[in-house]
C-alpha cells in the first residue's frame with residue numbers, strides 16, 4: 001500500500017535463514033552459505049517448517065545497489081508483528097520491539113501508523129543486512145486464525161523523501177479520516193434513531209439505524225490501532241474479524257432495507273442475507289471457501305439485488321428514490337475501489353484513498369437520510385402546526401403547574417423545618433442519654449464497667465453529632481464526612497483526656513455520604529479510634545493516628561485508620577467484653593464492606609465498602 005518511493009528487499013533467492021541466536025551472525029564476513037533459503041517477505045506461519053522455528057532466528061541478505069538509489073535513501077521501512085534488531089554491515093541501526101529468545105520477555109512491534117525511521121547509508125560495493133528476529137506467537141496465531149493470521153515474517157526496505165509524504169502523515173491522516181467518519185456516522189445514527197423512535201411502526205428506520213451502527217463499528221475497528229497497541233493475535237480480531245463482520249452485516253442488510261423502504265414485499269426475503277456475513281466470518285476460523293472469491297460473489301450479488309429493487313422503486317415513481325440509488329450504488333462502488341486497491345490491482349493517491357474510505361461508509365446512510373428528509377418534509381410542516389397548537393396547550397398547563405409548584409414549595413419548606421426539628425430533638429435526646437450514662441458511670445467503682453459506660457457514651461455521642469450536622473445542614477439526607485470525623489475525634493480524645501498526648505490527623509477531602517452510610521461509619525470510627533487510644537500507646541507514650549475516607553470509584557469507598565503504636569490487632573485478646581470488635585464486624589457487613597488489618601510499626605485498619613442505597617438499612 002502506497003509503495004511509491006519504497007525499495008523493498010524482496011529477493012526470494014538471496015535471503016538466508018538460520019534458527020537460533022548468535023550475535024556473530026551480524027558480521028558481514030560471516031559465512032552463511034549453509035543457511036536455509038527462506039524469504040521472510042510476507043512469510044506466513046504455515047510456510048515455515050516447525051523444525052526450523054522455535055520462535056526466533058536470523059535472516060541475512062547481501063545486495064548491491066546503484067549509488068544514485070543509495071544517495072536518495074533517507075529512511076528504513078519495516079513491517080512486522082514480531083520483534084527485530086536490524087544490522088547493516090555489522091552495525092545495529094534500528095530496533096523494533098524487544099527481541100528475546102524467551103517468549104515471556106519478547107515485546108512485539110505494532111507496525112500500523114508507525115512512520116519509516118531515519119537511516120542514511122554510506123555508499124559501498126556490497127551491503128549485508130542481518131535481522132535478528134523473534135515472533136513466538138506466530139505459529140499459535142496461525143492455528144487459530146488460519147490464513148488470516150498475521151505474517152510470521154516481515155517486510156523490509158528503504159524509502160526516499162517521496163514516501164515520507166505518506167509515511168509521516170499516515171497517523172494524522174487516518175485520525176482525521178476516522179474523526180470525519182465518526183462525526184458523520186454518529187450524526188446520521190442519532191438522526192435515524194430519532195426517526196425510529198418517532199415512527200415506531202416504520203421498520204425501515206430500525207434496519208437503517210442498524211446499518212449505520214454496523215458501519216460505525218466497522219470504521220472504528222478498522223482504525224483501532226490509532227488508540228491502542230495490539231499484537232499479532234489481537235489485531236486480526238479487531239482489524240479483520242470484527243471490522244469485516246460489522247461491515248458485512250451492514251452491507252448485507254442493504255437490499256432488505258431498500259425493500260422495506262419502498263414496500264416491495266417480494267424482496268423481504270433478502271433479510272436472510274445476513275447469514276452470509278456470519279458465514280463469511282466463520283470462514284476465518286474454518287476456511288472452506290476461497291475467501292476472495294466468496295467475498296466477490298457476496299458483493300456482486302448484493303449489487304445486483306439493489307439494482308433490481310431500485311429499478312422497481314423508480315419504475316413505481318417513488319419520489320426521492322434517486323437519492324437512495326446514489327447512496328446504494330456509491331457504497332458499492334467505493335467498496336469495489338477499496339477491494340481493488342487492497343489487492344494492488346489499482347493505485348490511488350493518499351488523498352483519494354482516504355476520500356474513498358469516507359464515502360464507502362457514509363454514502364448509503366447519507367443517501368437514505370436525504371431521501372427521508374425529502375419524503376417527510378411536508379409531514380414536518382404539518383407537525384410544526386401541531387406543535388404550535390400543543391405549545392399553547394402546554395403554556396396553559398405550565399401556568400397550572402407553576403401554581404401547583406408554588407403550593408408544593410410552601411409545603412416542602414414546612415416539611416424541611418419539621419425534619420430539622422426532628423433531628424434537633426433526636427440530638428437533644430441522645431445528649432440526655434449520654435448524660436444519664438455519664439451519671440451512671442460516676443457511681444460505678446469497677447474500672448471495667450466505667451470503660452464500658454464511657455464507650456457507650458461515645459457511641460451515643462457519635463450519633464448525636466451526626467444528627468446535629470443534619471439539622472445544621474442544607475442537605476438533610478447527606479453528611480459532610482470530613483467535618484463530622486473531625487468533631488467526632490475531638491469528642492473521643494476529650495472523653496479520654498488524651499488531646500495533648502495523642503494527635504489525630506483527618507487526612508481527606510470534603511466528601512458527602514448519605515445517612516445510611518454515615519451512621520455505621522461514625523460508629524466504626526468511634527470503635528477503632530477508641531481501640532487505638534486504649535491499647536496502641538501504653539505507658540503514657542505519645543502517638544499519632546491517621547484517619548482518611550476516599551473515593552475509589554463512583555460506587556466504592558475506602559476508610560483507613562492507622563496508628564504508630566505497638567501494633568495491637570482489633571480482635572486480640574484484651575480485657576473487656578469484646579463488644580466493640582463484634583460491633584465493627586457487624587457494621588462492616590451492614591455497609592457491604594471488607595475489613596483488612598495490617599500489623600507493622602503500628603496497626604492499620606482498612607475497610608472497603610460500597611455506596612449504600614438510601615433507606616436500605618437502619619441503625
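Glycine residues also receive a Cβ, built from the backbone N, Cα and C atoms like all the rest.
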Transmembrane segment per TrEMBL sits at which of 240-264, 390-414, 415-439? 240-264
Need the matching range: TrEMBL marks transmembrane segment on one of 353-372, 453-472, 473-492, 493-512, and I'd like to know which. 353-372
When TrEMBL is consulted, the range among 111-131, 132-152, 153-173, 321-341 described as transmembrane segment turns out to be 321-341
With a cut-off of 8 Å between Cβ atoms, can you find at least three pairs linking the transmembrane segment (353-372) to the transmembrane segment (284-309)? Only pairs 6 or more residues apart in sequence count. no
Short question: which residues 6 or more past the ends of the transmembrane segment (321-341) have a Cβ under 8 Å from it? 1, 251, 254, 258, 261-262, 295-296, 299, 302-303, 306-307, 310, 313-314, 347-348, 353, 356-357, 359-361, 363-368, 370-371, 374
Give, as a single whole number between 0 and 100, the mean pLDDT over the domain 'Histidine kinase' (421-613). 78
